[in-house]
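*Asks:* Features from TrEMBL:
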type	residues	note
TRANSMEM	71-94	transmembrane segment
BINDING	224	Mn(2+) binding site
SITE	256	site 'Interaction with galactose moiety of substrate glycoprotein'
ACT_SITE	311	active site, proton donor/acceptor
């Protein structure tokens, strides 16, 4: 930078040599130094055909005028402002690359599949890397493959898709969408952000997901729960607005369920915070797609109304009232559980110590 300044000043002296300034008022050919410099520089600048020469002239002119004006400071300010704007733009691009609009998503629809007259079921499943993940998802996939007219949306808590999960989804021959969406700061690591991404993607790609289905119902299904096929065929597929049912092995009790009287939900049979407006587990309800499309509700970073559980906030933000709930499984002589909030025992393995013998292990 020092060399450039020196060469610019030298070039100015060559093109516009200094002349002595007289104080005589009768000298018509003499002007003030600033004016002489301005005219000389303007003439030379206009006559220069080379961009390099114009740049040198401009820099020299600014250097000469710096003591008497704010041009140099303004130029420096603009220069550094441009650098700052460029840096901020780069940061914004990086941040946007981790948002829903730029997430890599892979969607496939089973080829040759005819449109089913059955109500479509859209299953949303957050997932994350762990040693037991493929075992859990294989078990879940084996259940879902028995369900007609189902689209499976799987959201990976990570910056990239996992090939092993993609292959598993492809083997199901189900229509599916696989999205990578790493949890952003502020969200709990319990699938909240991934479900939000799924809802946004579903709203933006409804035609692609529904594939011409007349009606669709959305169900949030964790990848490690246990599901009876009748949950999908007998309950979820028949939901009109919001369906609700009992869930086993959740909240520290054998069963959590709504308190149903004469086919109407009047309260909650739960062990934890039964005063919540919707004291249900995520596995215990399904929502008509129309309700979701008529709202912008998503999973936020917290839910004080639900005492930390997200179900209450989501259903309230969707405009659901308790009177809208449609209970399933309470009119039978012998009631049966069709979904269990199971958890695979968490195991920690050191792959550096244990030989995987060439097999893929997360």
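Just so it is clear, glycine is given a Cβ too, placed from its N, Cα and C backbone atoms.
Relative to the rest of the structure, where do these features sit?
*Replies:* Under the DSSP three-state reduction, residue 224 (Mn(2+) binding site) is assigned to coil, being neither helix nor strand. If you take the C-beta of residue 224 (Mn(2+) binding site) and look for same-chain residues 6 or more apart in sequence within under 8 angstroms, you find 132, 136, 140, 342, 343, 344.
Following the DSSP three-state reduction, the secondary structure of residue 256 (site 'Interaction with galactose moiety of substrate glycoprotein') is strand. Within its own chain, residue 256 (site 'Interaction with galactose moiety of substrate glycoprotein') has 246, 247, 250, 268, 269, 270, 271, 279, 280, 281, 284 as residues 6 or more apart in sequence whose C-beta sits under 8 angstroms from its own.
In this structure, residue 311 (active site, proton donor/acceptor) is part of a helix by DSSP.
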